[in-house]
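Annotated in TrEMBL:
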DOMAIN    551-633  domain 'Smr'
REPEAT    157-191  repeat 'PPR'
REPEAT    192-226  repeat 'PPR'
REPEAT    227-261  repeat 'PPR'
REPEAT    262-296  repeat 'PPR'
REPEAT    297-331  repeat 'PPR'
REPEAT    332-366  repeat 'PPR'
REPEAT    368-402  repeat 'PPR'
REPEAT    403-437  repeat 'PPR'
Amino acid sequence: MATVLSTAIDVCFNPQSSDTKKHSLFLKPSSLRQSRARKLNISCNSLKQPKTLEEEPVTKTPSLSEQLKPLSATTLRQDQTQVLSKPKSVWVNPTRPKSLRQWQKTHMFFDWVKTKNLFPMETIFYNVAMKSLRFGRQFQLIEEMALEMVKDGVVLDNITYSTIITCAKRCNLYDKAIEWFERMYKTGLMPDEVTYSAILDVYSKSGRVEEVLSLYERAVATGWKPDAIAFSVLGKMFGEAGDYDGIRYVLQEMKSMDVKPNVVVYNTLLEAMGRAGKPGLARSLFNEMLEAGLTPNEKTLTALVKIYGKARWAKDALQLWEEMKAKKWPMDFILYNTLLNMCADIGLEEEAERLFDDMKVSGQCKPDSFSYTAMLNIYGSGGKAEKAMKLFEEMLEAGVQVNVMGCTCLVQCLGKAKRIDDLVNVFDLSIQRGVKPDDRLCGCLLSVMALCESSEDAEKVMACLERANQKLVTFVKLLVDEKTEFETVKEEFKIVINETQVEARRPFCNCLIDICRGKKRHERAHELLYLGTLFGLYPGLHNKTVKEWSLDVRSLSVGAAETALEEWMRTLANIVRRQEDLPELFLAQTGTGTHRFSQGLANSFASHLQQLAAPFRQSDRAGIFVATKEDLVLWLESKFHL
C-alpha cells in the first residue's frame with residue numbers, strides 16, 4: 001500500500017500597494033487569517049512504496065506553507081515600512097475556472113515558485129498552470145511546459161495530455177493536437193471522455209473521416225463509452241459531408257449505448273439533417289426531442305426553420321412559429337430573421353407582415369437592418385413599390401442602418417415599377433448613409449438600365465452606376481458603340497469579369513446582353529454570349545444524349561435566353577447543311593420558378609418562339625418546350641434557306 005504525502009500552500013494576493021502597477025505576493029501566517037478570508041489549499045500528493053510493513057514511520061515533511069513562511073518578508077518591497085493590518089485578500093481557487101483566466105499572473109507565479117527551488121515541481125502544479133494558460137490560448141507556453149516536464153522526468157498524466165490537446169484544438173493547431181494525442185497513446189495512458197471528444201473533433205475538422213471512425217471504434221473496443229459531446233462531433237462531421245447514412249449510424253450508436261442526446265446533440269443532428277436534405281427526418285427528430293422532455297433553444301428552432309425553408313415547407317414552418325408563440329419558446333434576432341427570410345424566399349407576404357409586426361411589439365427583438373431587408377425583398381419580389389418605399393421611410397425614421405442588400409432590393413423593385421426618380425433618391429440616401437455598392441447592386445443597376453424605355457431614364461441610372469463602378473459604365477458605352485471591334489470587346493470583357501466577384505459574373509453578362517438587345521445590337525449580344533461561354537459563365541447550357549439534345553436557359557435572363565435560342569438554331573442549321581446526324585427529340589428548358597411571385601422565363605420564351613414560328617411546343621411538364629427532328633429540320637430549311 002502506498003503512503004500518501006500531502007503538502008499544502010496557502011497563497012494570498014494583496015492588491016493594495018503604494019505602487020499600483022506592482023503587486024506583492026506574500027504568504028499569510030495561519031494565525032493571522034481573518035475569519036472571513038477564503039483560503040486556497042493546493043494539495044501535492046506523491047506516492048511512495050514502503051519496503052515492508054514494519055518499516056519505521058516516515059518523518060513528517062513540513063508543509064509548503066511552513067517551508068515558505070520565512071520567505072514572506074523577502075517577497076515584500078524592501079522599502080515598504082508598513083503593512084496594512086487588514087489587507088483585502090484575494091484567494092485563488094484553481095478548481096474554479098474563473099480563477100484561472102488571468103494566465104499572465106499564473107505564468108508569473110509559476111516561474112517564481114520554480115526559481116525558488118524549494119520543493120520538487122510535481123505534475124499537479126504543471127496541470128494547474130497549463131489550465132490557466134489554456135484560457136489565454138497560450139499553446140506555445142503550454143508545450144514548453146510539457147517538454148520541460150519530459151526533460152525533468154515529471155510524469156505527464158491524463159489531465160496534462162488532455163489540457164495540451166484541447167488547447168491545441170482551441171488554437172486551431174490540429175496537427176499539434178494529433179501529435180500530442182499520438183504521443184499520449186504510445187505511453188499507454190487511456191484518454192478520458194474530454195480527450196477523446198476533442199481529438200475526434202480535431203480529426204473531423206481536418207477532414208480525416210476514416211481516422212475518426214477508426215479512432216472511435218478502437219476507443220469503444222477498449223471500454224470507452226462515448227458521451228453526448230462525442231456523438232455531437234460525429235453527427236456534425238457526417239452532416240457537413242451530407243452523409244445521411246453516417247447520421248443514421250450516429251443515431252443507432254447512441255441508442256445501442258443508451259446515451260440520451262442533450263439539446264446540443266439534437267441541434268447538431270438537425271443541422272446535419274438539413275445539409276443532407278432530409279426535412280422529414282428532421283421533423284421526426286425534433287418531435288423525438290420534445291417527447292424526451294427537452295426544451296428547444298434558439299439554435300434548435302433556427303436550424304429547423306432553415307430546413308423547412310430550404311424544402312419550401314411553408315405550412316410546417318408557419319405551424320412551428322405558432323407553436324413557438326404558444327409555448328413561449330425562446331426567440332432571438334437570428335430566429336426571427338430566419339423566419340422572415342424563409343417568407344421572402346417562398347413569397348409569403350401576409351405571413352411575413354404578421355411576423356414583422358410581432359417583432360415590433362416584442363420587448364427584446366425589435367426589427368433590425370436584416371429584418372427590414374427581408375421585408376424589402378418580399379415587397380420587391382412582389383412588385384409592391386409603394387409598400388417598399390413606405391417601409392424604407394419607416395426604416396430611416398427608426399434610425400435603422402441601411403445595408404447594401406436592402407438598397408439592392410429596393411432599387412430592383414423601383415426599377416421594375418419604372419419609378420426611376422425614386423430609385424435615384426434611394427440610391428443617393430443609401431450612399432449618404434454609408435452604403436458601399438457591391439457587385440450585386442451594380443448588377444441590379446445594369447438590369448434596370450436594360451429595362452429603361454427612354455434614354456433619359458437610362459442616363460439617370462447610368463449616373464448612379466458610374467458612382468458605383470466607373471469601369472463598368474465605360475465598358476457599357478464601348479459595347480453599344482458600333483465602331484468597337486470584337487477583339488477590343490473581348491479584352492475589355494475579360495478585364496471587367498476578372499474584377500467581378502464570381503457569383504456576380506454571370507448576372508453581369510446576362511444584363512449586358514439584355515442592354516445590347518435593347519439597343520438593337522443583336523450581333524453584339526451574340527458575341528457576349530460566346531464570350532460568356534468561353535470564360536465558363538454558362539456551364540451546362542447545352543446537353544446531348546443519343547436520343548435528345550437540349551438547351552438549358554434556366555440561369556439566363558430573358559434577353560440572354562432569346563440569344564441562346566437563336567444561336568442554337570444557327571448551329572443546328574449548320575448541322576443540317578452538312579447533313580450530319582441529329583437526335584429524334586429537341587428540348588428547351590426554362591424552368592418554372594418556385595417563388596410565388598416568380599414569373600420565370602417560360603412566358604417570354606414562349607412568346608419568342610411564336611415570333612420565330614419555331615416548331616417547339618409546351619410539354620406536359622411546365623417550363624419545357626419540345627420539338628421533333630422532322631418538324632425542326634423542316635423549319636430550319638425554310639428559315640435559313642437550306
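Yeah, the Cβs are placed from backbone N, Cα and C, and that goes for glycine too.
Nonlocal intrachain contacts for the repeat 'PPR' (332-366), taken as residues 6+ away from its ends with a CB within less than 8 angstroms of a stretch CB, comprise 298, 301-302, 305-306, 308-309, 312, 314, 317-318, 321, 325, 374-375, 377-379, 381-382, 384, 594-598. With DSSP states grouped into helix (H, G, I), strand (E, B) and coil, the repeat 'PPR' (262-296) comes out at 26 helix, 0 strand, 9 coil.
For the repeat 'PPR' (368-402), the residues of the chain that approach it from at least six positions outside its boundaries are 333, 336-337, 340-341, 343-344, 347-349, 352-353, 356, 359, 409-410, 412-414, 416-417, 419, 422, 426, 429-430, 433-435, 595-598, judged by C-beta separation under 8 angstroms. In the predicted model, the repeat 'PPR' (227-261) has a mean pLDDT of 83. Note: the repeat 'PPR' (227-261) comprises 26 helix, 0 strand, 9 coil (DSSP; helix = H, G, I, strand = E, B). The repeat 'PPR' (403-437): residue composition by secondary structure is 26 helix, 0 strand, 9 coil, according to DSSP.
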